[in-house]
């Protein structure tokens, strides 16, 4: 019996050590996240570059969807929520509609969406970058304006995706300094 108790203790210790190793790996990936961010943003910009011309030629509107108040929310105390809501907005509302307007660019849009999902996953894993609860009025305004534009909203939102990437970058620079 003492031998089996010792065996159980060793198994328990091995399990604890393995779970500690997992936490360390997660903590390590969060420690390295800021260094990898420029690469992730470059990948987002490159993926967007593959569809940008299509949406620029289709966007016939002079107004701006992603305006200065959105950037201010990204830089302010609502930055976390603005980022989270905008990622969700692009993934759930804009990109699925965009695929319908340009089947020839569907593969590139899927790639862009996957890169955005990867960024969201990494932000959520590293809680200090995305710990939020409040709603952003600027994001609500973007969504409202998008819906008012109907079919043209997709072209406008996708044409301004680079502005969204710049907002992500501004938010992350602020978070990395704090």
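Positions of Cβ are set from backbone N, Cα and C atoms, glycine also.
The signal peptide annotation in Swiss-Prot covers 1-18 and rests on sequence analysis. Taken from Swiss-Prot, the feature disulfide bond covers 30-126, 80-132, and the record attributes it to similarity to another entry. Per Swiss-Prot, the feature N-linked glycosylation site maps to 67, 134; the stated evidence is sequence analysis.
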Three-state secondary structure, residue 30 (disulfide bond) (per DSSP): helix
Among 30, 67, 126, which are recorded as recorded positions, the nearest neighbour of residue 80 (disulfide bond) by Cα: 126
Cβ atoms near residue 30 (disulfide bond) (within 10 Å, other residues, all chains): 15
List of residues, in chain order, with Cβ under 8 A from that of residue 132 (disulfide bond) and at least 6 apart: 78, 80, 81, 84
Integer Å distance between the CA atoms belonging to residue 67 (N-linked glycosylation site) and residue 30 (disulfide bond): 31
Around the Cβ of residue 126 (disulfide bond), the count of other Cβ atoms that are within 10 Å: 19
